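Student: Here's a structure for you.
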Amino acid sequence: MSTLLRMQNITKTFPGVKALDSVNLEVNAGEIHAVVGENGAGKSTLMKVLSGVYPYGEYEGQILFEGSEARFSGISDSEKQGIIIIHQELALVPLLSIAENLFLGNEVASRGVIDWQETFRKTETLLRKVGLREAPTTLVDKLGVGKQQLVEIAKALAKEVKLLILDEPTAALSEADSQALLDLLLELKSQGITSILISHKLNEVERVADRITVIRDGTTVSTLQAAKSEINEERIIRDMVGRDMAHRYPERVRSIGEVLFAVKDWTVYHPEHAERQIIRKACFHVRKGEIVGIAGLMGSGRTELAMSLFGRSYGQNISGEAHLHGKPIDVSTVSSAIASGLAYVTEDRKALGLVLDETIQKNISLANLEGISRAGVLNEAHEQTVAEGYRQAMNIRTPGVYQKVVNLSGGNQQKVVLSKWLFTEPQVLILDEPTRGIDVGAKFEIYGIMNKLADEGRGVLMISSEMPELLGMCDRIYVMNEGALVGELAAAEASQERIMSFIVRS
Amino acid sequence: MSTDLAEKTHGGASVASYLASHLRDYGMLLALIAIMAFFQVITDGTLLKPVNITNLFLQNSYIIIMALGMLLVIVAGHIDLSVGSVVGFVGALAAVMMVEWQWSVYMTIPVCLVVGILIGAAQGYWVAFWKIPSFIVTLAGMLVFRGASLWLLEGQSVGPFPREFQALSTGFIPDLLPFIKSIFGLQRMNGLAVVAGIAIAAVLVWLGMRARTRNKAYGIEGEPFSFFVLRNVLVAGAIIFVSYKLSTFRGLPNVLITMGILTVIYAFLTESTVLGRRIYALGGNQKAAKLSGIKTERLTFLTFINMGMLAALAGLIFAARLNTATPKAGVSFELDVIAAVFIGGASMSGGVGKIVGAVVGAFIMGVMNNGMSIMGIGIDYQQMIKGLVLLAAVIFDVYNKNKSA
């Protein structure tokens with residue numbers, strides 16, 4: 001078996017972070033090679049290096065494709081060589097037909113005039129190859145996600161693919177669609193197409209992969225071979241996790257009280273597709289002074305759960321009960337949720353948390369303008385005192401509260417968001433990926449703030465994709481998968497392996 | 001401390017450097033002054049003659065009044081193209097009520113304002129609650145209300161109006177302080193106008209000083225003292241100068257009072273109230289505002305209701321000024337109003353803009369219209385020049401923004 005692709009000692013640094021550190025990846029011609037690792041381990045970065053999103057020169061190391069060194073300066077370069085990547089978010093134009101999408105940027109045309117007959121003929125051949133029975137003129141919009149995924153693959157085949165890269169292809173698919181897709185991958189393999197499969201779902205990987213490369217913290221941990229029967233869940237999980245976690249989290253003396261916040265049978269449907277259940281009968285509680293984590297993969301419904309609880313900001317046909325101190329509370333609008341004592345720190349702080357072009361002061365007061373006004377008239381002097389107080393308490397590093405938040409670093413921006421919510425005097429804080437995109441030092445500070453909030457007797461619910469962070473911070477962890485809470489672990493019994501096994505086995 | 005010292009010793013330099021770094025804030029005001037100076041010279045002093053100053057206010061009052069509402073709409077991240085047609089429609093409605101139905105003025109005005117509110121609500125409803133782009137909703141409104149005014153007037157001009165109604169636009173506040181005239185021994189001088197001008201200038205200076213002291217107490221870094229003095233002297237001087245000029249003609253126009261009071265109210269609303277702050281947050285980041293408990297839909301709805309009411313008021317004032325309602329009244333006013341707001345520094349994407357900026361923007365357009373008309377420049381060139389000024393103003397704004405970022 002010959003080697004199709006060899007990535008040698010790939011190192012990629014971003015300002016302040018080493019995303020990839022001497023990663024090696026070797027893919028043989030005609031195999032299905034899986035790349036697995038936790039969120040943030042560096043899988044996507046590696047694929048971006050391979051496909052030319054990060055062009056030659058922005059990384060160190062060497063890429064050998066078909067025996068010669070490849071120096072891609074963009075995606076179009078790698079595509080010309082036959083390396084085609086299908087991203088998690090599909091890149092189809094919804095209001096164009098299947099045929100138009102397949103040949104987008106690669107049109108069957110002479111002198112700019114499209115030959116529709118030839119286009120349709122080729123489309124039909126390709127659709128047959130991927131087993132999709134749809135007319136070439138059908139709009140992509142009308143297809144379900146599973147079929148759209150097949151269109152993406154057909155699009156790759158239209159470009160005479162040599163190496164097909166699929167980034168979490170089954171993340172959004174139903175069980176049946178996932179099986180069909182995996183069958184297609186095996187079928188393509190028999191036709192001689194090599195593919196790289198990036199996936200969290202270890203049962204899928206186990207089923208189709210010939211070899212697996214495990215990446216952890218930006219380095220290659222191991223390459224496992226099916227032929228040597230090295231591929232099994234326990235082995236993969238062990239390689240994926242397991243790192244030194246000492247002293248990355250501030251110490252805290254726990255004093256946990258009675259149940260503060262409780263949610264019962266919380267059910268939410270998709271905002272557009274009323275029949276799709278996104279959250280299934282979620283039940284959980286947070287005690288006074290407790291930090292509770294929700295673990296799960298991206299797309300498992302954690303953010304949707306939080307947003308639907310916070311003033312129905314996501315979904316429709318929401319049912320279930322929310323209690324604070326044992327009494328039902330109204331969370332039907334954002335303002336009533338805030339008034340009830342909830343606060344939600346969003347995952348995407350730039351798009352959902354901050355008014356970037358405004359000052360720190362105006363951002364901090366935004367959720368509680370009543371607190372700095374009388375009869376609707378603002379008291380800006382008081383506002384400034386409040387903002388200045390938080391600037392010092394939170395250690396927001398900036399010359400003054402008149403700075404625009406757009407100029408702050410991620411960590412400082414997050415402190416502004418936290419200040420905003422603390423000013424509403426919440427009893428329960430829901431923190432959605434509170435340390436995403438924040439450097440290590442600022443993370444430690446955010447953890448410290450979280451501990452302080454718990455010490456003050458508030459309840460903290462923390463959503464995170466970084467398992468070590470959940471294990472390091474939480475008193476209790478719920479595991480979420482496909483919209484349901486599938487497991488609950490106390491801090492003492494929690495481990496990455498146990499969380500992972502809840503996810504992969506549910 | 002060392003910077004304070006530097007300020008005192010190099011007063012002139014600090015004014016220049018402060019101005020250079022805050023060109024975005026003061027640029028349009030400087031442009032207005034430059035444009036006025038230019039036309040003052042080129043028209044041999046006609047521009048600042050008392051009668052022409054009065055005219056400037058009468059001619060631009062309705063644009064400025066609408067610019068106040070449009071600023072809120074644009075800050076909220078929307079646009080209203082229908083205001084010109086609403087001006088025509090409300091004028092037509094008022095004419096039909098007063099001339100054909102013989103309604104009293106005091107009945108007509110409130111009813112017309114309510115109609116404006118309803119028009120704003122009808123459009124705002126679709127924009128706010130159905131998320132239909134405001135460009136489309138108000139484009140439809142523009143066509144509908146233009147048609148409706150044609151229909152109401154049956155293609156005719158309707159007028160004239162009762163005197164009380166005309167007073168809305170062309171009336172003047174009587175001289176309540178006639179003794180001042182005799183103190184100075186002058187024939188033509190409106191004492192009230194002069195006293196009002198001095199009083200307003202004094203209040204502005206006092207407010208400025210109060211804010212400055214308060215800021216200093218909180219350690220907020222403000223403009224250099226020399227700049228503060230210069231700015232206040234210029235502003236106060238301009239107000240006293242204008243009021244003196246007005247006093248030698250017919251005194252204070254009613255519409256100037258309406259406009260002035262509305263400007264103060266809206267400046268206060270946008271800068272110092274919870275409501276105003278929320279509108280800026282809504283335009284700055286709608287999703288973040290919503291997740292901070294702001295009822296964004298209702299707020300958007302309100303800005304359109306407000307715009308409808310101000311457009312109706314402008315329609316009444318414009319009809320009163322012409323003393324007749326014509327089906328063509330208000331055509332392309334929306335463009336002048338929107339241009340005024342953008343020249344005044346508002347951002348197309350929302351969240352940015354000031355009431356004072358919008359008023360200055362409206363005056364830039366107004367002075368150019370007036371000056372070019374005095375010069376006898378044809379409407380063809382006028383339009384071209386105005387278009388280029390709008391473009392230049394926005395380029396200037398974007399350039400300064402990029403430079404500061």
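Backbone N, Cα and C define each Cβ position, glycine as well.
Predicted automatically and left uncurated, TrEMBL annotations should be read as such.
Since the structure is predicted, the reported quantities are computational estimates derived from the model, not experimental observations.
Here TrEMBL flags B:26-43, B:63-96, B:103-126, B:132-153, B:190-207, B:228-246, B:252-269, B:299-320, B:340-365 as transmembrane segment.
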Student: May I ask which of the stretches B:26-43, B:228-246, B:252-269 has the most CB pairs under 8 A with the transmembrane segment (B:340-365)?
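Tutor: Selected stretch: B:26-43, with the most Cβ pairs under 8 Å.
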Student: Hey, does the transmembrane segment (B:228-246) touch the transmembrane segment (B:299-320), meaning at least 3 C-beta pairs closer than 8 angstroms, sequence gap 6 or more?
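Tutor: Contact absent: fewer than 3 Cβ pairs fall under 8 Å.
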Student: Short question: which residues 6 or more past the ends of the transmembrane segment (B:252-269) have a Cβ under 8 Å from it?
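Tutor: Answer is 54, 57-58, 61, 64-65, 68, 71-72, 167-173, 190, 192-193, 196, 243, 246, 275-276, 310, 313, 317, 354-356, 359.
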Student: With a cut-off of 8 Å between Cβ atoms, can you find at least three pairs linking the transmembrane segment (B:132-153) to the transmembrane segment (B:26-43)? Only pairs 6 or more residues apart in sequence count.
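Tutor: No, the transmembrane segment (B:132-153) and the transmembrane segment (B:26-43) are not in contact.
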Student: With Cβ-Cβ distances below 8 Å as the criterion, list the same-chain residues six or more beyond the ends of the transmembrane segment (B:26-43) that contact it, or say none.
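Tutor: That would be 19, 343-345, 357, 360-361, 363-364, 367-368, 370-371, 374-375, 393, 396-397, 400.
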